[in-house]
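Encoded as structure tokens, the structure appears first; notes follow it.
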Amino acid sequence: MFGAIARRLFGSANDRIVKSLVKTVAAINAKESEVQGLSDADLAARTPWLKSRLAEGETLDDILVDAFATVREAAKRTLGQRHYDVQLMGGLVLHGGKIAEMRTGEGKTLVATLPVYLNALTGKGVHVVTVNDYLAKRDAEWMAKVYRFLGLTVGVIIHELDDGGRRAAYACDVTYGTNNELGFDFLRDNMKYRLEDMVQRPFAYAIVDEVDSILIDEARTPLIISGQAEDSSALYQAVDKLMPRLVPADYEKDEKARSVTYTEEGSDHIEELLREAGLLAEGNLYETRNVTALHHATQGLRAHTLFERDVHYMVRDDKVVIIDEFTGRAMEGRRFSDGLHQALEAKEGVSIQPENQTLASITFQNYFRMYPKLSGMTGTALTEANEFMEIYGLAVVEIPTNRPMIRKDKDDEVYRTSREKYEAIAKQIAECQKRGQPVLVGTTSIEKSEYLAELMRTTTKVKPQVLNARYHEQEAFIIAQAGVPGAVTIATNMAGRGTDIQLGGNLDMRMARELPADATPEQRAAKEAELRADIEKKKAQALAAGGLYVIGTERHESRRIDNQLRGRTGRQGDPGGSSFYLSLDDDLMRIFGSERMDSMLRKLGLEEGEAIVHPWVNKALEKAQQKVEARNFDTRKNLLKFDDVMNDQRKVVYEQRRDLMVTTDVSETVADMRQEVIEDIVHAHIPPKAMPEEWDSAGLAEDVRRVFGLDLPIIDWASEDGIANEEILERLTKDVEAKMAAKEAEYGADVMRMVEKSLLLQILDGMWKEHLLHLEHLRQGISLRAFGQRDPLNEYKSESFEMFQTMLSDLRERVTMTLANVQLRMDPPPPPPEPQGFAEHVEPEPAIGGGGVPGVAPAATDREAGHPETWGKVARNELCPCGSGKKYKHCHGAMG
């Protein structure tokens with residue numbers, strides 16, 4: 001109450017920020033007459049002039065007014081569009097490293113040209129991030145006219161681009177691309193072996209379009225580059241057979257949190273079932289040796305209790321296909337991670353595809369936090385302002401609309417059943433169409449879209465346009481024409497995002513569709529005039545009918561997604577309306593107290609087909625949504641804390657890797673590693689201050705033979721009178737260094753330097769891959785520590801640190817052992833295969849297997865399966881001596 005009074009007296013914080021921008025906007029406007037009088041050549045020449053001012057020590061803020069005035073004039077000349085004052089404000093907010101909330105139709109794409117041009121003058125490159133390839137390509141082609149007029153280069157990253165094309169696009173002043181492509185390029189770059197093969201430059205500034213979709217909705221989506229792991233389909237099938245034997249008391253399911261865990265009784269029961277099936281090693285289910293069995297039992301439970309066929313996934317052509325929860329589309333080629341997809345395949349009795357092992361991964365949260373400067377645009381961000389600030393340090397500023405918004409939002413209508421709800425929606429649509437009012441209906445899935453469309457065809461004779469396109473170009477055309485009088489478009493709520501619905505239709509879309517490719521300039525002009533007149537006529541009809549009417553078929557967990565649907569109408573001061581039709585069967589209503597609401601409706605004597613409509617209902621629903629939003633925020637925040645642990649380790653590994661790639665001579669690093677390994681081996685068998693009779697001389701001799709390939713008289717050394725452990729260390733060091741010096745003399749220093757660098761990078765990659773797998777397994781079971789009154793996050797931090805230290809120790813030993821036991825042949829190196837990437841539940845195709853180190857083979861001795869150092873030279877296509885049944889090049893030959 002007091003907050004509301006204070007806001008009326010002093011204005012909100014947002015109002016104060018907007019007011020503070022007015023002075024700068026006035027200064028830009030004052031420059032307009034000056035730039036208007038310039039010739040095209042003189043206007044373009046302002047770019048080198050502004051760059052020279054930066055070179056002389058001025059800051060971006062010093063040249064901002066001149067830069068914004070220049071872009072505005074260039075847009076007028078190339079696009080025929082002049083930035084409004086509110087668009088200048090949006091540009092200022094973006095340049096300030098904040099999120100600009102701008103309503104649909106306010107021209108966010110044009111707004112971005114202002115800060116993009118200004119920041120591109122530094123020469124460090126600006127990334128403009130969109131949600132799909134179509135929008136990246138469209139925006140790049142559209143806005144490139146402005147940038148190129150002013151002498152800047154523009155690139156676009158799309159899926160089909162090869163490394164050469166990507167490198168060229170990233171080298172441009174302005175680069176458009178999707179969040180997935182940019183993230184995968186970062187991961188792939190950190191798997192390359194030569195600096196010149198990397199495609200990205202150091203990060204400088206990114207503007208994220210639809211920032212809420214990318215940084216909130218997809219925040220938990222890790223980008224993963226994977227390789228194929230061992231086939232464990234038989235284990236998934238065996239565990240799946242146990243699931244029907246569980247009873248509801250064996251697990252606790254939280255529908256709100258979409259999670260399921262075994263109860264104490266359930267843990268005992270599944271342990272007993274696994275032991276009966278011969279799937280459990282000795283000890284209990286939660287011991288380290290049984291981590292694989294626990295993993296499969298957990299994923300099997302999730303598959304059977306949390307995931308419903310035709311809701312979360314569908315079965316098609318002997319495959320389990322994910323259904324996108326935001327768009328309702330089938331997501332071909334994507335797979336749930338952590339073995340969940342295999343558990344679903346076992347449940348449905350389809351072919352089980354091999355699991356993929358993570359080679360590299362990063363979440364969008366951590367990827368975008370690497371940019372020194374970050375900003376974003378969207379029509380809906382204020383409801384998540386706290387999360388943007390807490391996670392990314394981004395303030396949200398609501399930009400005023402250019403014209404007052406006159407859309408009428410009606411109160412929700414709540415029906416008892418979904419059948420009554422859909423009948424009421426069909427009736428409302430028929431009424432709108434009768435008066436020529438265009439209607440957009442938002443649903444949560446393709447199935448619901450098709451159900452409503454069929455209902456309308458059979459009961460009202462209305463033939464709606466159902467939007468379930470798999471191609472963004474087609475989707476964009478349908479959504480762009482949804483403002484034609486009498487049009488009825490049914491779409492999943494997120495479909496077509498990024499494309500405006502203009503009353504009367506979209507001129508550019510119609511020109512692209514109706515103008516022949518070989519049209520002459522005269523034919524083009526005539527067609528444009530004809531279409532423009534037709535669109536204006538239809539716009540007048542749509543306006544007279546009340547503008548676009550938006551209908552929501554149910555509330556989402558997030559108010560933001562509801563607001564996105566509403567925001568489709570009422571653009572640029574146009575009239576419009578919106579209403580939501582709900583039923584007690586809807587997910588949100590069912591999860592949050594529909595029983596209480598049902599009994600209340602019965603007491604009110606609500607007849608079939610009648611709805612309850614009251615502002616109180618809206619408020620109650622908003623409170624429920626706020627609870628879900630807060631819970632989801634806490635989940636994302638908690639996951640980020642865990643991911644930050646891995647992120648710190650990832651940064652260390654990637655920085656070390658880059659340092660190795662920059663350095664041509666890593667002999668000093670290798671020598672340091674070798675010395676540490678020697679000291680570790682000696683100290684392990686000859687502890688400090690131990691008496692000679694306590695020394696494990698035989699063990700030391702065996703380890704020296706294993707690691708360095710040297711048969712030294714260590715037992716004799718240890719029996720000498722007065723020998724000290726330091727002397728043993730000195731003798732061992734001397735003999736090892738002599739062996740390595742002889743190897744260098746035999747092959748030459750240049751060859752050894754190349755081999756050292758190649759081996760070090762490759763072994764580091766292999767061990768990082770193994771470490772990621774260990775971290776995944778640790779993460780899956782860590783929440784159970786809470787039962788022992790221990791904090792899972794602290795446990796994860798300490799254990800993952802120990803695992804990281806172990807990885808580094810193992811790395812030193814493996815590099816040292818490989819270099820000490822290799823013999824070289826001078827074959828040309830084969831090109832490494834390209835890894836493939838995917839997002840989150842996305843594990844499309846197997847990726848890389850590691851690729852052997854060029855020209856390296858162990859010395860030939862008698863082969864023992866468990867001792868690779870005894871295998872000698874193994875042909876790449878020969879079966880691996882370890883007994884795996886795989887070819888050597890796909891097994892130990894892939895690891896160096």
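Each position is counted from 1, following the chain as shown.
Note that Cβ sites are derived from N, Cα and C of the backbone, with glycine treated the same way.
The structure displayed is predicted, hence computed values, not measured ones.
The following features are taken from Swiss-Prot:
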BINDING   Gln87, Gly105, Glu106, Gly107, Lys108, Thr109, Asp500  ATP binding site
REGION    827-869  region 'Disordered'
BINDING   Cys880, Cys882, Cys891, His892  Zn(2+) binding site
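A map of Swiss-Prot features onto the structure.
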| residue | record | DSSP class |
| --- | --- | --- |
| Gln87 | ATP binding site | helix |
| Gly105 | ATP binding site | coil |
| Asp500 | ATP binding site | coil |
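Around Thr109 (ATP binding site), the same-chain residues at least 6 positions away in sequence with a Cβ under 8 Å from its Cβ are Asp139, Trp142, Met143, Asp209.
Annotation for Glu106 (ATP binding site): spatial neighbours Val86, Gln87, Gly90, Ile399, Thr401, Asn402, Arg571, Gln572, criterion Cβ-Cβ under 8 Å with sequence separation of six or more.
In terms of local Cβ density within 10 Å, Lys108 ranks first among the binding-site residues Gly105, Gly107, Lys108, Asp500.
Binding of ATP is attributed in the record to Gln87, Gly105, Glu106, Gly107, Lys108, Thr109, Asp500, and the widest Cα separation among these residues amounts to 17 Å.
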